[in-house]
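Features as listed in Swiss-Prot:
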- 1-337: region 'Glutamate--cysteine ligase' (REGION)
- 494-753: domain 'ATP-grasp' (DOMAIN)
- 521-580: ATP binding site (BINDING)
- Asp702, Glu723: Mn(2+) 1 binding site (BINDING)
- Asp702, Glu723: Mg(2+) 1 binding site (BINDING)
- Glu723, Asn725: Mg(2+) 2 binding site (BINDING)
- Glu723, Asn725: Mn(2+) 2 binding site (BINDING)
Amino acid sequence: MKIQHIIHENQLGLLFQQGSFGLEKESQRVTADGAIVTTPHPAVFGNRRYHPYIQTDFAESQLELITPPTKKLEDTFRWLSVIHEVVQRSLPEEEYIFPLSMPAGLPAEEQIRVAQLDNPEDVAYREYLVKIYGKNKQMVSGIHYNFQLSPDLITRLFRLQNEYQSAVDFQNDLYLKMAKNFLRYQWILLYLLAATPTVESAYFKDGSPLAKGQFVRSLRSSQYGYVNDPEINVSFDSVEKYVESLEHWVSTGKLIAEKEFYSNVRLRGAKKAREFLTTGIQYLEFRLFDLNPFEIYGISLKDAKFIHVFALFMIWMDHTADQEEVELGKARLAEVAFEHPLEKTAYAVEGELVLLELLSMLEQIGAEPELFEIVKEKLTQFTDPSKTVAGRLVRAIEQAGSDQQLGAQLAQQYKAQAFERFYALSAFDNMELSTQALLFDVIQKGIHTEILDENDQFLCLKYGDHIEYVKNGNMTSHDSYISPLIMENKVVTKKVLQKAGFNVPQSVEFTSLEKAVASYALFENRAVVIKPKSTNYGLGITIFQQGVQNREDFAKALEIAFREDKEVMVEDYLVGTEYRFFVLGDETLAVLLRVPANVVGDSVHSVAELVAMKNDHPLRGDGSRTPLKKIALGEIEQLQLKEQGLTIDSIPAKDQLVQLRANSNISTGGDSIDMTDEMHESYKQLAVGITKAMGAAVCGVDLIIPDLKQPATPNLTSWGVIEANFNPMMMMHIFPYAGKSRRLTQNVIKMLFPELE
């Protein structure tokens, strides 16, 4: 099968580079010193019966992290990053993810528990593996790389060739060519990427075959790794022979099931191999790869891209390896696996030749410049083995003292990195924090997640056959269409609440700046709030707590409000403290005191300097990707300073509280303090009633309350509603400035999927 001519003549180079990718990464859970734990798989990850992202491989201690299929490797790595961060932050404080493939700190065999799965057949299969291979070999971890050619490419190639009549036969032979050539040249990938040079002597039943201080390239890929008995030989000459030989070994009892065949290439896309004859091979799984301990996720994006183009070259080349050449490739793999990592391989000339031809392919298919650089970098490693992963690893182990010590150091380092921005998912940092928090929780619980529109924060969540759509973290089908429209319009909100019998402050609405300013006399010396009719997140709001003192400030506040909307409200200011109630369904789940943006004087620094110092806090940022927002020093803040007789250059006295905003929104630099347990129950019930009046399932209700300990009475002096908000912020409740965290995203999930275990 010769396809490079078809690709070149029909300008299919770009389509040739497309495909689908998925990674499966195995890792041991360990203690701080690198010893494998004997604890059960953490219950926080839900049930392994259905979890699409977090599974266990052989043992309870052996995590398997699985990315969903993606069209771009960059997206595959985003998912791998997110799943890692979820796992790292969910593990017990004293547990870590071991970054090396070969196990260290092995417990006694009787302490190693096979994965305790719901399906008895899955447990029985693992118990069978124990009898055949022993437990220690099963504790080896690695990376499985799943790759599917673009179905459009396969269709185009089939139409443009004249050798095959059957599309299934063509597809099978295309993938089989990739598999056979991969097995022939797999030693190249092992030489460059192997990372299992040693293992503790306890791993071996009959003593270590390694001399003291001896290092090799890959124990995992050697006869001492996770391999079948040499007697078991499955033919790759054709799909028919592959199926027949695999079924033969199962029928004779040499393999308990087809999945026990541990080839470095596995044909995928069917439950039974025989199905390939009618439905075709759908993708390949490459199982060769050791964990790269120098990469936080066990593999680098550059190496994943190299593997991709290497796999493409396996079908680009005109030659197709036969079974004899496949066996030669296996023998060469075993030989290279036992070479010293700092010595040149005996087959360097062949390796260099293959990569030079690979570079030629990249040129002909119009590959990105980055791919040329990646391959050229690999090419240099044939003359300098110290640059290979195994070469680097040997030196790192010698420096650390042992593989276990190195693994422990890196495990602690990688866990610390996962907590640097503990409130965010680094790969989806462009999404708002509430959506990131929801993503964290659904991935943790095992709900299948599809990001429909990243910029619009739109998710599709699936549990079994149950599908829910979520926008902005808590906007769902449980809300009526009209409810956000009511809450968006502050005038309508007040009228609806007033009709429902809730206390609302009196207000006057204006549609022109001139008329509003001309009404100054109505509000002189009155404490008022000036705000746009339709707003959220505190935009355009000015509060005169001490009363309107002059026309100029009044006009300025109106001007700011009119920038946000064509209609503005001037509302009576209610005396008391403002609290945000987060309501979901029939329950107030969280109550927050939002302290307006402020700084505290120290008799040394100016207001501007104090603001800059407070803004340095790691939780402060743009407010959408951080739990707290940096404090601004704009027109509204300077008006607030003026009310206090200050400017940005004033130096406040020690412990002097300087208010920079009167409104308490976190989105304008405020501080968040959880008050859920302190708030009297009567106000929580009021918030639920207000939410129902809005026709909402989820609502952020803002109440002014003079005394949160006293029960509510019908009077406006007891409490008043100033706003009801659709899509209320959750992050300020999840990560408050002070007080107890309320993980509201979990409540959203319970609302959407009440059947979830």
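Cβ coordinates are placed from backbone N, Cα and C, and glycine is handled just like the others.
Neighbour list (Met569 (ATP binding site), Cβ cut-off 8 Å, at least 6 residues apart, same chain): Lys490, Val491, Ser507, Val508, Glu509, Phe510, Val529, Ile530, Lys531, Pro532, Lys533. Asn725 (Mg(2+) 2 binding site) sits 8 Å from Asp702 (Mn(2+) 1 binding site), taking the CA atoms of both as reference points. In the three-state DSSP scheme, Ala521 (ATP binding site) falls into the helix class. When Cβ atoms from all protein chains are considered, those within 10 Å of Asn725 (Mg(2+) 2 binding site) total 22, not counting its own. Rounded to a whole number, the distance between the Cα atoms of Ala561 (ATP binding site) and Glu723 (Mn(2+) 1 binding site) is 16 Å.
With respect to Cβ neighbours within 10 Å, the binding-site residues Ala521, Val529, Ala561 differ, and Ala521 shows the lowest count. Counting every protein chain shown, the Cβ of Asp702 (Mn(2+) 1 binding site) has 22 other Cβ atoms within 10 Å. Around Thr577 (ATP binding site), the same-chain residues six or more apart in sequence whose CB sits under 8 Å from its CB are Leu593, Ile704, Ile705, Pro706, Leu708, listed in sequence order. In the predicted model, the domain 'ATP-grasp' (494-753) shows an average pLDDT of 93. A C-beta separation below 8 Å, combined with a sequence spacing of at least six in one chain, links Asp553 (ATP binding site) to Phe544, Leu639, Lys642. Secondary structure at Thr577 (ATP binding site), taken from DSSP and collapsed to helix, strand or coil, is strand. Of all the Cβ atoms in the protein chains shown, 13 others lie within 10 Å of the Cβ of Gln545 (ATP binding site).
Rounded to a whole value, the Cα-Cα separation of Ala521 (ATP binding site) and Asp702 (Mn(2+) 1 binding site) is 29 Å. Rounded to a whole value, the Cα-Cα separation of Gln545 (ATP binding site) and Asp702 (Mn(2+) 1 binding site) is 17 Å.
It is 19 Å from the Cα atom of Ala561 (ATP binding site) to that of Asp702 (Mn(2+) 1 binding site). For Glu723 (Mn(2+) 1 binding site), the Cβ neighbour count at a 10 Å cut-off comes to 23, with all displayed protein chains included.
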